[in-house]
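Going by Swiss-Prot, these are the annotated features:
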- HIS100, GLU102: Zn(2+) 1 binding site (BINDING)
- HIS107: Zn(2+) 2 binding site (BINDING)
- HIS154: Zn(2+) 3 binding site (BINDING)
- SER162: O-linked glycosylation site (CARBOHYD)
- GLN6: deamidated glutamine (MOD_RES)
- SER45: phosphoserine (MOD_RES)
- GLN50: deamidated glutamine (MOD_RES)
- GLN90: deamidated glutamine (MOD_RES)
- SER122: phosphoserine (MOD_RES)
- 144-173: region 'Disordered' (REGION)
Amino acid sequence: MDIAIQHPWFKRALGPFYPSRLFDQFFGEGLFEYDLLPFLSSTISPYYRQSLFRTVLDSGISEVRSDRDKFVIFLDVKHFSPEDLTVKVQEDFVEIHGKHNERQDDHGYISREFHRRYRLPSNVDQSALSCSLSADGMLTFSGPKIPSGVDAGHSERAIPVSREEKPSSAPSS
């Protein structure tokens, strides 16, 4: 008896019960048929594979990095300007909110809104937090870490979003 073995790389496109990009951070960009009916791809043929081109190149998912020296969040917000974004720190959390009112695009009228909340490590220096938006729409929130035993100064405050004219140096997914 022959059994078809699929490489794990294909599982995202082929898995009938694998979550689609429906709940990813695409901020109102269109959906594909397989986002609504993912089981169809596996019923056609076990070897049928949907295109991953857009998913790989334009995932829109945030990335959080925390190493020994710093804490960084990368978030794709290409449909928002700095005026549409609010970044604030409350206790041990950073909250990023984006909203733009209804405006016309190529397909009609659209409005977008998102809210993300991330827990800050306890040793991040909250007085030195910064946030910038690159020319290609990548929001970078970062803060240095301090040695243990030093007070990190937890308070509520807004972090201004500065605009950079160069593209982001964030890794592409």
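Glycine is treated like the rest: Cβ placed from N, Cα and C.
Here the features listed in Swiss-Prot are painted onto the structure.
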residue : record                      : contacts (Cβ under 8 Å, 6+ apart)
HIS100  : Zn(2+) 1 binding site       : HIS79, PHE80, SER81, ASP84, SER111, ARG112, GLU113
GLU102  : Zn(2+) 1 binding site       : TYR109, ILE110, SER111
SER162  : O-linked glycosylation site : PRO82, SER130, CYS131, SER132, LEU133
Worksheet, complete the sentence: Taking only the CA atoms, the spacing between SER122 (phosphoserine) and GLN90 (deamidated glutamine), expressed in whole angstrom, is 13
Worksheet item: Per DSSP, to which secondary structure element type does HIS100 (Zn(2+) 1 binding site) belong, with helix, strand and coil as the options?
Response: strand
